[in-house]
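Participant: So Swiss-Prot lists the following for this protein:
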BINDING   216-224, 352-357, D449, 461-464, K556  ATP binding site
REGION    284-352  region 'SBD1'
REGION    353-429  region 'SBD2'
Amino acid sequence: MDNYRRLHTPVALCVASPPAPPTTSWKSMEGLVQCSANHVPLSPITFLERSSKAYRDNTSLVYGSVRYTWAQTHHRCLKLASALTTHLGISPGDVVATFSYNLPEIYELHFAVPMAGGILCTLNARNDSAMVSTLLAHSEAKLIFVEPQLLETARAALDLLAQKDIKPPTLVLLTDSESFTSSSYDHYNHLLANGSDDFEIRRPKNEWDPISINYTSGTTARPKAVVYSHRGAYLNSIATVLLHGMGTTSVYLWSVPMFHCNGWCFPWGAAAQGATNICIRKVSPKAIFDNIHLHKVTHFGAAPTVLNMIVNSPEGNLHTPLPHKVEVMTGGSPPPPKVIARMEEMGFQVNHIYGLTETCGPAANCVCKPEWDALQPEERYALKARQGLNHLAMEEMDVRDPVTMESVRADGATIGEVMFRGNTVMSGYFKDLKATEEAFEGGWFRSGDLGVKHEDGYIQLKDRKKDVVISGGENISTVEVETVLYSHEAVLEAAVVARPDKLWGETPCAFVTLKEGFDNDVSADQIIKFCRDRLPHYMAPKTVVFEELPKTSTGKIQKYILKEKAMAMGSLS
């Protein structure tokens, strides 16, 4: 059984009542039919063909001195899709992996691979050779596109596969440089030269066909293979650009890795609206400010840790106020209100979004209300830090009791699990039926996030299930403790985890990175007192460790590493 068929193995997952079949609802409506005239499988690859005509000469993509129009991007993707099928033998359902940062070629592969009928699998560019080898074996990738700077890691990964008698994928280099003349590898530009722009796109026969596989970020140390459908990617792409007001004149800076949730589906969304893409390989405050001024960037996305870097960077003082409106979409963890406040003081418009790899990225956003402008800053930014309402393409989002599946009271206090139901939820975990069934138990996707629902219907996260500290029988939200820590003038970054305790079971342990210049001015006792003055005493950290925090490639703090460190400390009592 090939990959495509295996991905489509039917699974009985949801115990909720299924919708009635069309024949039942149409009994009294004679003359209605579903046919190719009124039902075409949804796929985001259709956006590119339209943009090549509607925005033909508009700039589609910029990377340093490289610049393409939408007509050129469409032409290149057709030729690449042709070469994938005729030169490299890609068949429908074959997996094509990438191992690279945000280069123009990765953007093009988001179209070319599904145009050839393949399934795109973008691997985290920070993975080591052992992880790359594991993911290539699991996904059964037939090809892997690699940028030159990561070639040695990729080679080592392929060697590991060969040692296990697993056929490694064909490696294609993302370069036309003369310094890489080895005949051992195909080159991206050679493929383009051998492709034909007369290629007939392999459109999905079913909109539920897989378009991509995304491995979860690794904050749990065990990545899972999340499968996106053409339908889900199509709907999420359109919803995201509409919610954030992106149009033909918008300029999107690629600060979110395309290997993370397919870049929140923005490769396809930008094409839908004919927006301009600015690619950068490495993210830094300087790169962000430079591109805002050079290319008049209007939108970019970033984790709260990246926003924290921006507000604490010297570039922030040099380049603000901004010359024009720039919207920042932030997600990945609850943003500290203080960071949102500082970003907006600098001239950024912060839009808080929330989602998971399993929801194609964005699944909710905090819609700001005009009446919030009249509130005191502290209250206003606290409201903006909430996760908000369901995304435009997500039919339902709720906080429910995970046992009874009843919706919790909208009182801002009753904690339940955040759950989703909609067309942008993943198809499932590839090769992990048990995990898929657990995630969909009860007819909803269970996020694993704990939250509350306020009177206005807005949802607010309190913690991940696995991150809650249980001390003396009391549940402590690490998010609430971290919010207080971020309000300290000397704290650059903070994360709270559980430390084992013989008397209390667990106690809060805070890992803190101090701002430059404060290293010798702040002690652990001072941090603890600061928290005790602002929180119930049982919630205040009992341990404070000063060090740099480990992060994923998207800037999310890897709490599992900190938990291991706290566990190794042993009991405080």
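Cβ coordinates are placed from backbone N, Cα and C, and glycine is handled just like the others.
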Participant: Going by DSSP assignments with H, G and I as helix and E and B as strand, what are the residue counts for the region 'SBD2' (353-429)?
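Facilitator: Helix, strand, coil within the region 'SBD2' (353-429): 16 helix, 26 strand, 35 coil.
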Participant: Per-residue pLDDT averaged over the region 'SBD2' (353-429) comes to what?
Facilitator: 95
Participant: Cβ distance under 8 Å to G355 (ATP binding site), same chain, sequence separation 6 or more: which residues?
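Facilitator: Long-range Cβ contacts: C261, W264, G331, G361, P362, A363, A364, H391.
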Participant: Which number gives the other C-beta atoms within 10 angstroms of the C-beta of D463 (ATP binding site), all protein chains shown included?
Facilitator: 22
